[in-house]
């Protein structure tokens, strides 16, 4: 028992080297490859990584042996003067049995940890997990916290160390929810509610994106995971639960609010207490976000103005139409939205 | 039009006017000429698919590139996949089925020569129809897998999906007709003495492939029927609002789709199993094991479809089941590879171009197989699926595998088909360029996938670390283009002025090498009697060769007929009428009925 | 039938085949194998979607089992007349062949007519092709089956025309036999559909 544990540890360390060696030689870090699936930052991703290292060990061993045998066969038996006439062998029963059983045994080594990991990673989330309901839209992600009564978009805030239980639904077509640093992806399918859970282990911002082709702007359906300290997360929650900022009616933001109410924005966007639309992202605290339009652009006044000016140009296929607002109207509405901290 | 007696020793189709020449190709029922038509047409589609890949790679060379629009990009990757699978690899394999199978089993033609012509014409028209969509409002843009409900009228209002669904139905008719034909041909037209376990492995793999086609294509036919009903009639098969489950499409599609993977790869495995023994001067190691593992792969191909759907969330039990069945398939696949290597072991390996491609096939297929084992494991797959890691995997299997195997077949049988050799020097250049280029292109995709780049994205953000590896892949594709150009030059030159060759330039073991190159219209003047898996390596081979080329009386060959082409035209018009309107559909229906009835009542002997 | 085929070797085949079986018949068996997957997929879809509907009409509200039992019986009987047609052809009985072929075709037409009546009835009961899942799976499945029967009927009348013009002699009994294979297959499929959709709700 101890010997086998030592054996697997040995294998893992070798295979970890084998996976990471080519990547390390490229100087591969999470900073360079922020969306990497090889730099686990949660328990779920780590379990997959361990399994991948086991797999990788066998894959490399088999690769070296079989490709090696192929090369040896070609080089050693290449046609050259003095090579004896080949013997007309037709087969060898012992060999056939041997090389049927050998891969079967190796596959057993792969299959057992595979099945164990399947059941481990698809288990029920532990009690006390933070519940998040994720809704995929063409082409942005909506995040709802049923327990906290918060709805936001494109940026998922979670505290470090607390399991996050995610339920997955879609508003239109199939998408796939994927933060590589947290673990494997899970599809978001009409008429289904899928689930997954993970426990973030590092503070930081991790990019993710939709992984199932979902139409013209599939490439633009991005998101960010913000793993925060407990205090930062609590502060964020408190801010999100506040009612929206009420601008001074004479200020630019105040004019912007009027534009927002009259230009058609209210049909699709919610601002708590002001508008009920649910087709587009909830804007109650849009000013607190770091990115907009499906985490495609940084949330600056300039980018937001460009976005409102002509969304389909900024994100092809965008369901938000070009509203044809005058530049001063756009400036006003941007001022209003940016004020919604 | 009644009975033609093919003149002895005169090649068909020579010294005819151009119009008569074209007409003779349209009306031909000769399996060899149909094989050539299949090969040339499929290669042209291969070039179109390659051009699409080139555009895709140029777009991805840099982050946030604007070389093509997102919309056009989505059309490109959809049509690239659809074209390469249905219009290039499958019909290139069919080209070899047509030309080689009757020769290998000692037959004068396939069992149903006119059905064979019909298959080709339906394939050609279906391929043209599918590609017309580029000029008629936009090509399909929902991926070759066309997941519902993205394909619904609501989310894909244009005609692209219609072209795709109807085009695949038309191509399905062609594949089914060809598969029925080859099942009967292989089972029923073998030369006397050629028991099933004396058939060349290529004939065996063709037989398995044909069975997979007749059982897998009806499933996608039904899936597409539902889709077409949804789009044209307004049914609710895939409409979630009415309670339908879009995952139904995925089950039906992959129940077809996984056998389809073996439909693509088994013929190449068959080709390689012919080439390796010839150039090792040694019989195939473990012939029965290679045959049985091919059959086993064909069977198991039906029990693994949900490994394409691990991210759907079918639950841990289903995931475990499909993981285990998928791993099980690795065993017969590995056994085949071991037997191929053992075939070379102790042989006298002559590295002609055909052999290089066969060895390259094994080397690349091992890579594709091993990455396949990695995502046979669902947790690992959940990180890898829908990323460039899988793009790397499928290209090692389909480009490094199927296409390299097909090139091995082209270099191997070109002398049989044309009577001339492909230039060996250019061939070697082609091989080395190709194998290096494909690794430059596809190997970095493993990394870029594991580092988080999803597939089917028209662009990616800078700063994710994808830039360099994408640029390398793009450079690689240009090298593949050069390699392919080398082949085209070689082909065009060799067809006209390549070194002429006798009936058997390689010292092959199977029956096709017993008859002249190119073979006479009737193939075998006398049908041989076979006593071995490799009749031409037996002691009495020279007697057999003399015997099969001795004419013993008039040889009746089926007359040529234009009705198969007419019926194919009718079907294509009828189906395209769904998009173009009744003034295409109704004439199409009439032409089809006239074609089928005239065909049925045409004297055929 | 297999015995009959062996007694009367197929005249169409000029060359003996490897297996001794007629190539055309083998082609047809392969085709029927393919058809099994076709109907299998349709039936499987029906079964997967059964019970998912939230809106009616539901199967038990529209299906008229006594009526369909009768038309299933008619189709079953047509298999019998088909066997008799083949037997008549193999014995060179021209009038018998034509007569039994016509009888088979008429029974087939009765079945198709019954299906038309049934569809009309269901339509007025509110079961729409564009309606709930039961509607689309039911109509498409049984519709494809009905289309198969209709093609069979056209095929049978074509053979009937040949028979009365004396163009279906004993040596050509394989033509009738293959049409018979198709007909029996369509019949068997109906038994499956009838059992799974009508009887086991």
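The backbone N, Cα and C atoms fix where each Cβ goes, glycine too.
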- Item | Range annotated as transmembrane segment - as stated in TrEMBL, picked from B:394-414, B:499-519 | B:394-414
- Under TrEMBL, which of the candidate ranges B:8-29, B:118-139 is annotated transmembrane segment? B:118-139
- Query: Which one of these stretches, B:36-56, B:163-189, B:249-272, B:317-342, B:354-374, has the most C-beta pairs shorter than 8 Å to the transmembrane segment (B:426-451)?
  - Reply: B:354-374
- Query: Taking pairs 6 or more apart in sequence, does the count of Cβ pairs under 8 Å between the transmembrane segment (B:284-305) and the transmembrane segment (B:471-492) hit 3 or more?
  - Reply: no
- Query: Quick one: do the transmembrane segment (B:394-414) and the transmembrane segment (B:249-272) reach 3+ CB pairs under 8 Å, ignoring pairs fewer than 6 apart in sequence?
  - Reply: yes
- Note on the structure: Of the listed stretches B:76-97, B:118-139, B:201-229, B:249-272, B:471-492, the one with the highest count of C-beta pairs below 8 angstroms to the transmembrane segment (B:163-189) is B:201-229
- The average per-residue pLDDT within the domain 'Cytochrome oxidase subunit I profile' (B:17-531) comes out at 95
